[in-house]
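As written in Swiss-Prot, here are the features:
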- 15-57: repeat 'WD 1' (REPEAT)
- 61-103: repeat 'WD 2' (REPEAT)
- 140-179: repeat 'WD 3' (REPEAT)
- 187-226: repeat 'WD 4' (REPEAT)
- 254-297: repeat 'WD 5' (REPEAT)
- 290-311: region 'Disordered' (REGION)
- 296-305: compositional bias 'Polar residues' (COMPBIAS)
- 327-366: repeat 'WD 6' (REPEAT)
- 396-438: repeat 'WD 7' (REPEAT)
Amino acid sequence: MTENPTASLTLLSDLTPPSLERTWLTAPHPSLPIVATCSSDKTVRVYSLTNFRLLSTISGGHKRSVRTCAWKPHVQGESVLATGSFDATVGIWRRWDSYGRAEDGTDVRGLSSETLDGNGRDTQEYEDDEEWRFAVLLDGHDSEVKSVSWSPSGMLLATCSRDKSIWIWEDLDDGDNNFETVAVMQEHEGDVKCVAWHPVEECLASASYDNTIRLWREDIDDWGQVACIKGHTGTVWYLDWEGIGNVPSTAAVCEQGTSLSAEWKDQRAMSGPRLASCSDDRTVRIWKRRPKEQRAQSQVGSTGIPSIIRPTGTDETWEEDVLLPQIHELSIYAVAWSKRTGLLASVGADGRIVVYEELFLTSPARTPDTNTPTDTSAIIPRTHTEWVAIAILEGAHGIYEVNHVAWARRADRCRKENEEVLITTADDGSIKVWTLRR
């Protein structure tokens, strides 16, 4: 465990009123200062991040606990929310609103008071404008739905279940709320816990009780598995992708931040965003795709290494990039990778919140030819990074397990420019909003 964290987490507010039953997950809206929280009481609660109060309660669509939800991206003039339930169904909810948007469609934030949104009107109007509409029920899974995720374009919705299957649905966007099943994947050998879309590509990652992570792509109108990882030794609970254009922080001892950043971006442009995972084995791991040139060169002799994602087809090879500092003492249920700062947070059964930061290191690297004599001409510069735990908070929700964590843009009147908050969701029904002080 890190001896001297350099930052601290401070409670900003609880979201009120809370659910009286277990809450599973909180999903920040992609553009508005609101969040949706899933609860065992069969409802989804929508809260404001400007005043931390309840705006709406979505109910009546599911017969059992609502386990997961996700906002559809790139929707104009309304909010669209997908919900997944233990009743084996997926609900699509819609609501017309202009809350938090200026006339030109840009996102704005409340400034004048806790009860005003960016257009200067009371946020309570958001609740009174119009009720949520239960648009359609997607029926196909045979057991509890554990995760839902929209593709970057918003046209595809992935769902996964305890029935070991992953479904991909296409929103036909025909004005009649019609969805079409485009794929059903059943390669996992256990409960599928999480699905997460690549931030820009139509590539889907899934995590399972079978201890594996799998990658899926469409090939000639047919979705199939392109890679499978067997690096974790326990259930893989959650996945999150790195943001586009992320660059690690520069360590204080490094005087070459600019050149390192440029070299880093060049390297990442070849492999793309990385993938973070967390597990029952109490580890957080980060995976990266090997560029095609490297895959061709190392195709022979790559067996026997447990941290390699071995392709079952011909498409991709993924490998472990790093094992993060092992801070948690029990199962890790969720990770959240900030798309703005590159910070990564984890939560789990031990009640801890841990925040990690990636820092540049500088060290020489030898050329691949090991027979080359040791001299200055045989040494080439290469970027290296290390992850450190910069903040550790014990007992974030008292004695209760923390089920989920998410980053969101801070929206209350005391915010700083581009400041983010952490939102945690727990077994006691509470949702807490935290600030990171450095």
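Along the chain as shown, residues are numbered 1 onward.
Every residue gets a Cβ built from N, Cα and C, even glycine.
Taken through DSSP, the repeat 'WD 2' (61-103) splits into 0 helix, 23 strand, 20 coil.
Taking DSSP states H, G and I as helix and E and B as strand, the repeat 'WD 1' (15-57) has 0 helix, 23 strand, 20 coil.
Counting residues per DSSP class in helix, strand and coil order gives 0 helix, 22 strand, 18 coil for the repeat 'WD 4' (187-226).
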